[in-house]
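Taken straight from Swiss-Prot:
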type	residues	note
BINDING	Leu117, Gly121, His122, Leu123, Glu241	(6S)-5,6,7,8-tetrahydrofolate binding site
MOD_RES	Lys226	N6-(pyridoxal phosphate)lysine
SITE	His225	site 'Plays an important role in substrate specificity'
Amino acid sequence: MSFIEKEDKAVFEAIQNEYNRQNNNIELIASENFVSEAVMEAQGSVLTNKYAEGYPGRRYYGGCQYVDITETLAIERAKELFGAEHVNVQPHSGSQANMAVYLVALDHGDTVLGMNLSHGGHLTHGSPVNFSGKFYNFVEYGVDKETERIDYEEVRRLAKENKPKLIVAGASAYPREIDFKKFKEIADEVGAKLMVDMAHIAGLVAAGLHQNPVDYADFVTTTTHKTLRGPRGGMILTKEEYAKQIDKTIFPGIQGGPLEHVIAAKAVAFGEALNPDFKDYQEQVVKNAKALADTLIEEGFRVVSGGTDNHLVAVDVKGSFGITGKEAEEALDEVGITCNKNTIPFDQEKPFVTSGLRLGTPAATTRGFEEADFEEVAKIISLVVQNPKDEAKLKEASDRVAALTSKHPLYK
């Protein structure tokens with residue numbers, strides 16, 4: 001009997017049910033992954049008891065000699081992974097990492113260039129419902145209507161017209177590789193600083209499969225979960241000249257005590273990412289995404305931009321089969337495929353309805369799924385999306401999902 005089961009049966013039951021859901025469903029949410037048992041053990045360790053305001057060697061509390069070790073390990077491993085001059089591993093989330101950069105690089109009301117949310121950007125890149133859109137004057141760039149890829153000439157034109165103080169590159173639902181070198185050239189042309197939010201592709205960058213934004217940007221932010229396969233949290237990588245400003249802005253600026261148990265889990269995850277097999281994993285993530293995209297196209301789906309270069313596939317289900325993203329998400333959930341509705345470029349549907357789905361391969365790849373498995377996943381998706389009310393077809397789909405998940409159990 002576990003300690004939780006003994007002390008709190010209601011919480012224990014919810015956790016068990018969530019484990020069963022993760023084990024029995026195929027996880028296709030692009031921002032999710034499955035951490036190792038070592039990462040989970042670090043996050044559930046006695047470090048959760050320790051307050052440690054400040055930074056290694058400069059704390060406001062005593063007894064920090066061991067959390068100093070784990071935090072320093074996280075910092076040094078992140079530096080090695082990405083070739084960064086300075087790293088802050090204390091942000092509790094990607095949003096807080098982004099907020100810290102804005103507070104360093106901008107004044108209230110300054111102009112910023114960021115990617116349109118429905119074209120693949122992120123809430124913190126200037127959405128009017130987010131602090132970023134409320135505090136700063138964001139000008140949006142997007143993708144070309146024909147190619148559905150970032151229109152770098154539009155970015156250049158908007159930069160010259162609006163003279164932003166900061167340009168934000170990075171996305172949450174963009175399936176193509178981003179040219180950070182080109183963004184840097186545009187930023188230099190207008191005297192802007194460049195921030196890259198690599199939250200979704202950090203694992204691909206660490207493995208050397210995508211351009212490393214650290215080589216070009218003044219500030220790089222990321223989450224530590226998603227493709228990086230660590231605990232839920234954030235991180236900032238920057239040049240030495242901004243180190244003191246960034247550190248002061250995180251603490252005492254917008255956070256108090258760091259979550260040292262999470263930082264230890266980050267250190268473990270970064271250690272895993274430094275192993276050679278991490279590159280093999282990331283290569284498989286991309287191969288699986290391509291197999292998923294290609295098979296969906298064969299099944300009659302319109303895939304945004306015609307394919308993928310990374311870990312995700314954006315699909316126009318409304319344009320393909322007349323079903324909304326919301327309806328498709330719900331139908332797929334019924335048969336054990338977890339994904340999320342998502343706006344696609346130039347979407348006419350509301351954000352809670354959408355015309356699209358965002359499908360990601362990192363989590364299932366961690367379980368051992370390969371190309372043939374994702375070809376089968378695509379065919380199951382096709383069966384469900386084209387027959388969302390057919391009970392016999394849904395039963396068939398559910399059985400096929402069960403066959404895949406039993407073949408690749410979670411936490412064997």
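Every residue, even glycine, has its Cβ placed from backbone N, Cα and C.
Computed from a predicted structure; not experimentally measured.
Projection of Swiss-Prot feature records onto the structure.
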residue	record	Cβ neighbours (10 Å)
Leu117	(6S)-5,6,7,8-tetrahydrofolate binding site	24
Gly121	(6S)-5,6,7,8-tetrahydrofolate binding site	25
His122	(6S)-5,6,7,8-tetrahydrofolate binding site	24
Leu123	(6S)-5,6,7,8-tetrahydrofolate binding site	16
His225	site 'Plays an important role in substrate specificity'	25
Lys226	N6-(pyridoxal phosphate)lysine	27
Glu241	(6S)-5,6,7,8-tetrahydrofolate binding site	10
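Looking at Lys226 (N6-(pyridoxal phosphate)lysine) and His122 ((6S)-5,6,7,8-tetrahydrofolate binding site), their Cα atoms lie 15 Å from each other. The two recorded residues, Leu123 ((6S)-5,6,7,8-tetrahydrofolate binding site) and His225 (site 'Plays an important role in substrate specificity'), show a Cα separation of 18 Å. You'll find the Cα of His122 ((6S)-5,6,7,8-tetrahydrofolate binding site) roughly 16 Å from the Cα of His225 (site 'Plays an important role in substrate specificity'). Between the two most distant C-alpha atoms of the annotated (6S)-5,6,7,8-tetrahydrofolate binders (Leu117, Gly121, His122, Leu123, Glu241) there are 31 Å. Following the DSSP three-state reduction, the secondary structure of Leu117 ((6S)-5,6,7,8-tetrahydrofolate binding site) is helix. DSSP assigns Lys226 (N6-(pyridoxal phosphate)lysine) to a helix in the three-state reduction. Separation of the C-alpha atoms of His225 (site 'Plays an important role in substrate specificity') and Gly121 ((6S)-5,6,7,8-tetrahydrofolate binding site): 18 Å, rounded to the nearest whole number.
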